[in-house]
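Visitor: Take a look at this one; I'll ask things after.
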Amino acid sequence: MHHFTYRDGELYAEDVAVRELAAQYGTPLYVYSTATFKRHFQAFDSAFADLHHLTCFSVKANSNLCILRLLSDLGAGMDIVSGGELFRALSAKVPARKIVYSGVGKRAEEIREALLADILMFNVESVDELRRINEIALEMDKVARISLRINPDVDPKTHPYISTGMEKNKFGLDIEQSLEAYKLAQTLPGIEPVGIDCHIGSQLTTLEPFLEALRRIKDFHKKLKTLGLDIRFLDLGGGLGITYDQEEPPHPKEFGQALVQELKDMDLTLILEPGRVIAGNTGILVTEVVYTKSTKTKHFVIVDAAMNDLIRPSLYQSHHGIAEVVPQQRPVRNVDVVGPICETGDFLARDRELPEVKSGELLAVFSAGAYGFTMSSQYNSRTRAAEILVDGANVILARKRETYADLVALERQCLQE
Ligand SMILES: *Cc1c(COP(=O)(O)O)cnc(C)c1O
């Protein structure tokens with residue numbers, strides 16, 4: 001469910017006409033809905049009301065400061081994967097004790113920053129990393145709370161690039177190695193093992209892989225108990241999918257019920273790291289048709305948004321709904337919606353049935369709230385889009401459009417004598 005609806009023949013974001021936003025702020029333009037964020041966060045978080053839990057939003061899905069602030073005000077913690085995301089979360093005044101830090105390649109400097117901030121815990125993905133965190137903690141006269149990220153070897157049945165919990169993936173430690181790693185952790189004075197972590201992938205559309213992973217983690221937890229470890233946190237990561245096209249993922253409520261059922265006899269605080277399911281359908285990308293052209297075999301709609309703005313179609317062959325901002329009731333055609341970038345892989349949709357559109361008209365690309373702007377780049381020296389957060393009839397400029405000066409700001413020094 002989201003708050004992008006048609007009223008009086010045109011698309012609205014809550015109580016604001018998308019056409020007016022495009023006129024004022026230009027295109028391509030990301031537009032997010034506050035009410036949708038609230039609704040999604042609350043639906044997810046309340047699904048776990050029966051357990052001690054902390055819902056840590058996955059910052060990489062949408063890291064705009066206004067969004068982090070909004071979610072933090074609703075009670076969310078944050079799951080971060082870099083020093084930059086830590087900086088963003090702290091800038092948005094997220095309490096450090098609600099931040100967990102995942103990722104396979106945390107650098108020493110990033111570990112130092114997180115220890116200094118006193119985050120809730122590190123999700124550690126290798127023995128090397130465990131030793132590194134120990135050394136740094138000792139240097140700083142601190143003790144690092146950690147979970148080990150277990151790779152349960154479960155197939156999440158999603159796109160290979162976003163499968164993370166199979167043996168062949170780079171993430172986490174397998175169960176055998178993990179037991180040894182926990183034993184090691186017990187002996188390291190700079191380390192306090194407080195949790196178990198896993199995250200098996202993204203855009204999962206069935207419950208079974210989650211439950212399979214959870215059962216393996218529960219068995220493992222029993223083994224850990226025999227080591228005398230005081231495990232207080234169970235972090236099950238993120239990954240719940242959304243509907244982009246025809247997918248029918250379980251509702252967060254159903255997801256919550258299934259997990260709560262499995263966990264109710266355990267005296268642990270559950271941590272969840274949802275990204276896409278919170279943010280995915282909170283945002284649209286608004287783009288203007290620049291030209292249309294037809295070849296012998298194809299109709300192209302050339303728009304001013306490109307793979308640098310929204311890379312998901314190119315990278316994952318993913319589907320995003322596309323519709324006119326002001327529908328004109330023209331006949332439908334089969335088209336490719338493409339951007340201006342010099343790559344054949346630059347498309348937003350291929351072989352899509354879309355009403356005929358004309359130069360200057362606006363299209364909305366739906367489900368762009370997660371892994372949209374955060375994956376954007378300046379490729380082809382394109383300035384990154386502006387981001388707008390709508391709240392009822394209020395419009396907040398969440399990120400200004402980049403300028404040409406921004407493109408070269410960090411390079412200027414090479415032209416100075
Ligand atoms: C990406 C990621 C998430 C969020 O995944 P979603 O599919 O967006 O819910 C959570 N945890 C970790 C460790 C991640 O890498």
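Note that Cβ sites are derived from N, Cα and C of the backbone, with glycine treated the same way.
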Visitor: Record says Glu273, Pro274, Gly275, Arg276, Tyr371 bind pyridoxal 5'-phosphate. Source is TrEMBL. Which of Gly228, Gly239, Gly339, Gly345 does it list for that same site?
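Guide: Among Gly228, Gly239, Gly339, Gly345, only Gly239 appears alongside Glu273, Pro274, Gly275, Arg276, Tyr371 as pyridoxal 5'-phosphate-binding in TrEMBL.
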Visitor: Which one is it: of the recorded positions Lys60, Pro274, Gly275, whose Cα lies the shortest distance from the Cα of Glu343 (substrate binding site)?
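Guide: Nearest in space to Glu343 (substrate binding site), counting only the recorded positions, is Lys60.
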Visitor: Please check each of the recorded positions Gly275, Tyr316, Cys342 and report the ones with a CB atom less than 6 Å from an atom of ligand 1, ordered along the sequence.
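Guide: Only Gly275 meet the Cβ criterion.
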Visitor: If one measures from the C-alpha of Glu273 (pyridoxal 5'-phosphate binding site) to the C-alpha of Tyr316 (substrate binding site), what distance in angstrom results, rounded to a whole number?
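Guide: That separation, Cα to Cα, works out to 21 Å.
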Visitor: Fewest other Cβ atoms within 10 Å: which of the binding-site residues Glu273, Glu343 wins that one? Let me know.
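Guide: Glu343, out of the binding-site residues Glu273, Glu343, has the fewest neighbouring Cβ atoms within 10 Å.
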